[in-house]
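Pulled from TrEMBL, these are the features on record:
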- 6-26: transmembrane segment (TRANSMEM)
- 19-271: domain 'G-protein coupled receptors family 1 profile' (DOMAIN)
- 38-58: transmembrane segment (TRANSMEM)
- 78-99: transmembrane segment (TRANSMEM)
- 111-137: transmembrane segment (TRANSMEM)
- 157-182: transmembrane segment (TRANSMEM)
- 215-240: transmembrane segment (TRANSMEM)
- 246-273: transmembrane segment (TRANSMEM)
């Protein structure tokens, strides 16, 4: 059963890497999309998800090898903790997108919020989350190597150093999103009560529509994040409280191998369905590539 799950897991992760590869290609080759800070932060989220996919593929290879050697077990252990660090980094990226949307609701952007969401900040958070993962790996090695088993990721150490911080980040994400919705409603009420010129009203309405669309997109990303993170957190908390029934092992397999993949797999699909410019540039790139291929084939025939 474990081998079958890892095969399905490998297929899903490979598909995820393909989706995110297309997402980054579209984002980096479009000058217009690169000017949109929301999409730039979404691209960083895709990079974090790609790192997660590569780590999971390497872990699957270790499982397929089924080596009982100490070196393989230590490799498995460090990959498990690195995966946790990358998942935490992805959640932080989602939080940064929320903070950016909060800043977008103000007429004059707040300097502190801009500073938090800078490219250097994104890199710093990625490094810090993985420093925590390396510290957790160092603590785990005190007891020696352990088999490549998903149950080994539901320990007290992981609960306090990964699951609880991730839950706090999710709460912060929900709070920021709630504040964005509040600011949108308040801005709409102010717009209706204000006496502005027609051009000012039209510009204000266009900004409000754009903010509302981004808020809906962000809401979908947050919903997927909740579904992927909360079940595992509740399972680990249940184990910490002493619930060691037979079903927890099966749940650990499902949550650690499939639920945690929901966020990175679904995010690119959300971009395509919700972001019109992204969808247009994706179609444009695909049609352009097909035209180049057709022209090359025609030239080869003649």
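In case you wondered, yes, glycine gets a Cβ from its N, Cα and C as well.
A contact between the transmembrane segment (215-240) and the transmembrane segment (6-26) is absent, since fewer than 3 of their C-beta pairs, 6 or more residues apart, lie under 8 Å. Listed as Cβ neighbours of the transmembrane segment (157-182) (distance under 8 Å, sequence separation of 6 or more from its ends, same chain) are residues 84, 87-88, 91-92, 94-95, 98-99, 101-102, 105, 132, 135-136, 139-140, 211, 215, 218-219, 222, 225-226, 229-230, 232-233, 236-237, 239-240. Across all of the domain 'G-protein coupled receptors family 1 profile' (19-271), the predicted model scores a mean pLDDT of 79.
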